[in-house]
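This report concerns only the one structure given below.
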């Protein structure tokens, strides 16, 4: 039994050594196992993992296309250029830390609550999916989620391709982000200029309305003042007309009173012809003397109103 146990132990050690050293060591282990003593000895099967073969260029091209499609449709399409560029920069940093320090566990095991990962990648649409495509898996430890990458030759190769795709798109995204920022600044400047013009036009319109209202107010005052002055002039003219008419009426009345008052010709009861006759009679003293003589001789007769002597 002892030789059999030794042979089995040697075979197990050879298998472990083959897993550590590669295919050549595995072949030596098989030779050692076949040299064991005793006809009934069972050969220990090899537990070494199959060796990794580097993919062909066609396979790498297909992998590259899958990463590019995931980036374009998952991150760039659903986010702004600035946010996409920041997510790509963060993913590149994660990949390069692992590729440059493959033995550092801290770069391959990242808390989901990490502020940089949370703000720059996980909050961006498509960021989580790209991490999974790079080879990260979610592991929960003590109720905290971790993004963990288990290293292997295949996963490190895919991680390198994913980082190259990110680098290829980063320059374009940064240029578009800069153009977007410049366009935004120009838009803000144009909007500010538009608002300034609108405010200036509003102020100008307001001043124009104010000036027009002031002119209308002054014109209204001038019209009202002219109307008042005209009304006052009309009133003065009417007053003067009335006073002149009253004065003319008063003068006419005085003339009438003078013509019909005491001592007037009408008050004596004589006509104008009689008054003239009487005046002629009394003004000529010779006529008076003739009248006296005629009265003495009985030949005087007074002229009646008809102008004839009595008895004719």
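Just so it is clear, glycine is given a Cβ too, placed from its N, Cα and C backbone atoms.
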Residues flagged as region 'Disordered' in TrEMBL, choosing from 16-60, 61-105: 16-60
Outside the region 'Disordered' (181-208), six or more residues from its ends: residues with CB under 8 Å to it: 82
DSSP-assigned states of the compositional bias 'Acidic residues' (235-249) in counts, ordered helix, strand, coil: 15 helix, 0 strand, 0 coil
Counts by DSSP class (helix H/G/I, strand E/B, coil) across the domain 'PUB' (83-142): 38 helix, 9 strand, 13 coil
